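> Here it is, the structure in full.
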Amino acid sequence: MPLNLKEDEMFNSKITGLGYYVPENIVTNDDLSKIMDTNDAWIQERTGIKERRHVVKGDGDTTTSMGVKAAKIAIERAGIDKDDIDFIVFATLSPDYYFPGPGVLVQRDLGIKTVGALDVRNQCSGFVYGLSVADQFIKTGMYKNVLVIGSELHSHGLDMTTRGRGVSVIFGDGAGAAVLSRTEDNNTGILSTHLHSEGQHAEELALIAPGMGSRWVNDIIADNDPNDESYFPYMNGQFVFKNAVVRFSEVIIEGLKANNLQAQDINMLVPHQANLRISQFIQKKFGLQDDQVFNNIMKYGNTTAASIPIALTEAWEQGKLKSGDLVVLAAFGSGFTWGSAIIRW
Ligand code: UT7
């Protein structure tokens, strides 16, 4: 339920700075076909992915460090100082530590004063969830500038053998960040966000180490069995795909309706980069042209919480987001969780 604040007591939030960072190491489909039974044709045809980035072990990049690199660019582009950041939101499914989460590590590594830091655990929808949290804090007047980061280091936790090929060819590493700032112009910025979950499908896309829930890290390590595939992410690909296309569509329609808008009003859709076939399905359903849907899964694979902020940054850098444009973000993923953000750029 929206707060009952009067119009003149409310602010709006606007994305004022965007940045991304991906590790230099490019892993092509042909590279993967040397270590598992897969091939470029299958991967491109089923997913659209040509290559992805993997952190080289020992290079020093972590989920946090990549997030920090993206955040520095976003803060600079927002034209503010790190000390102007009032709050940090960090979305990831691959945190550096079991606890604490990466939010506090960003506070430390950026040398930001002791502002609050929140970790979001909503996988592919993590950035939209994070954006929504930040938006509420700004709309109610509590904060002026909120840093929202999505970052993932998947490659170190994937099953890079033929057994894991249905999952491991899809995911890549990287980070994206946005600074959300207060604006008093209620006609621009984040118009609304819409969030959902359906936990009955939690196990359809998940990493559930054996006995997790009843055991903790020490037991799991003690029992470590390298032949047990449940140490790796599991995805019921076709089931996830079918749910994704339905939920993406629903949550975009929900967002448009909430603002009395229609599909024809969309200037740019930036979907979570789950699968090029999903993006193309949504594009067709909403009658959008090729230049109205931003896709970069070809270069980076699926970077879960990082995929929307990386895509949004690239779209902005390429001059594809113009003042006054209606920009729609939509995501779906593990949980299941899904969400959308309707933005007047
Ligand atoms: O971001 C979070 C949300 N995630 C998604 O939205 C992902 C949704 N799902 C998907 O994108 C697709 O389901 C996948 C890309 C994961 C898989 O595509 P698919 O068309 O559903 O393929 P499939 O899993 O049904 O597998 C078809 C065949 C199987 O062989 P058989 O049983 O037909 O002989 C697989 O063993 O393809 C085989 N296969 C592969 N072959 C070569 C699975 N992975 C690979 C691979 N290379 N990497």
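Don't overthink the numbers, they just go from 1 along the chain as shown.
Even glycines carry a Cβ here, placed using N, Cα and C.
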> For the region 'ACP-binding' entry in TrEMBL, name the matching range from 118-122, 203-207, 273-277.
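Based on what TrEMBL states, region 'ACP-binding' spans 273-277.
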> Compute the C-alpha separation of Cys124 (active site) from Asn302 (active site), stating it in Å without decimals.
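Taking the Cα atoms only, Cys124 (active site) lies 9 Å from Asn302 (active site).
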> For the domain 'Beta-ketoacyl-[acyl-carrier-protein] synthase III N-terminal' (118-199), what is the mean per-residue pLDDT, to the nearest integer?
97
